[in-house]
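Asks: First the structure, then my questions, so here it is.
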């Protein structure tokens, strides 16, 4: 697993209180990991902080799964 | 329309001197102080370095980590105390009509620590607003009853009353009226506060409201004592289940006491100073007696607001003498804030619980830390100094007054 992927997963485990095994690439934040709309906003903010990037709102809307988050951050770095 | 009778069927307490109703009562009758040096932050530059913190509390023992992270401490305390009270009431949550169960809560401030932390984060950043999406819903004072209703599905009236240190007595009175008027069968009521923070201590210190007896925190809260020098900040929660009398009887519930009535008034005098003659306080006790249909001679015990401030304590006792006349000296008067400190918006709730348990056990908890007579206080009054007193209590009054001149009073009666 890439460094970015493991850091993304750690944030998700911490913020959503889910088991690490559930945090797979295809897992949807809202449908699979129990996030509500505020949780999702918080996750995006945590990614921005952790990786020192800016994720505009219109792009954040497209980040719905663990895999999408990892790909977005890898591309942005 | 005939008013329904309302009784107390469940209690829960999370306080600086005990983390359950039973621990709280045990500490009260044994005169235990909850004051100690502050552990939450570095107090080196603060005038007051102590408070009555809740001790040995681990939120994840009660609420899972993900949920608890979305709650300020004041809301966590509310959830824990409310759950204890609900369990204590023996209500069957699968059978009760949840459309007719309300949650009416009191908080003087709300999520002060959350507010403080978010603003500090902003101040330390580059000017871009990076506020957490949970900032507002964690902080707002009404979120405590919201969380309680979400957990249990209670769909009746749901709100928080805000009247500073009178908040949870206001909530109790609203809960009483809601059931009396037939709007609800059951109301989870009470109050919570968690203001032992940099902003809370700094703010109250700036008002010269807090005791600065740093060399002896446990004796700093000394209501009615000649050397009192301010209140001691406390935190925690108290919860009560109020229930319509026939509803409680029908399910064979344990009944602690009847909520006989309540009263409200305003000093209309000053933002923070009490009226020197306690005029609003006289009014609130009169209102309360009238609302309960009781006479001054019926009252056996008054749990005072008694915060240990130089002006407030004397004004309240003067008001008691005025309302109760010759009977005042027969009343067991106390201030349990001598032990718990001042829980602000939760004070009315935990003191209502102390009053109800005094009725239940026939014991009046003491006003601890009294060593020096204050000559401005009528020596004939029984202030239940230093040691608990056995006393058959049929009627107990609980007073609370808030900054802004808000006065609220509730009467409980043995049933």
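Here, residue 1 is simply the first one shown, and the rest follow in order.
Cβ atoms are placed via backbone N, Cα and C, with glycine included.
According to TrEMBL, the record shows the following:
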- B:3-414: domain 'Ketosynthase family 3 (KS3)' (DOMAIN)
- B:165: active site, for beta-ketoacyl synthase activity (ACT_SITE)
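Please situate the listed features within the shown structure.
Replies: Taking a C-beta cut-off of under 8 angstroms and a sequence separation of 6 or more, residue B:165 (active site, for beta-ketoacyl synthase activity) has the following same-chain neighbours: B:108, B:305, B:307, B:342, B:344, B:345, B:347, B:348, B:400, B:401, B:402, B:403. Secondary structure at residue B:165 (active site, for beta-ketoacyl synthase activity), taken from DSSP and collapsed to helix, strand or coil, is strand.
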Asks: Could you give the mean pLDDT over the domain 'Ketosynthase family 3 (KS3)' (B:3-414), rounded to a whole number?
Replies: 97
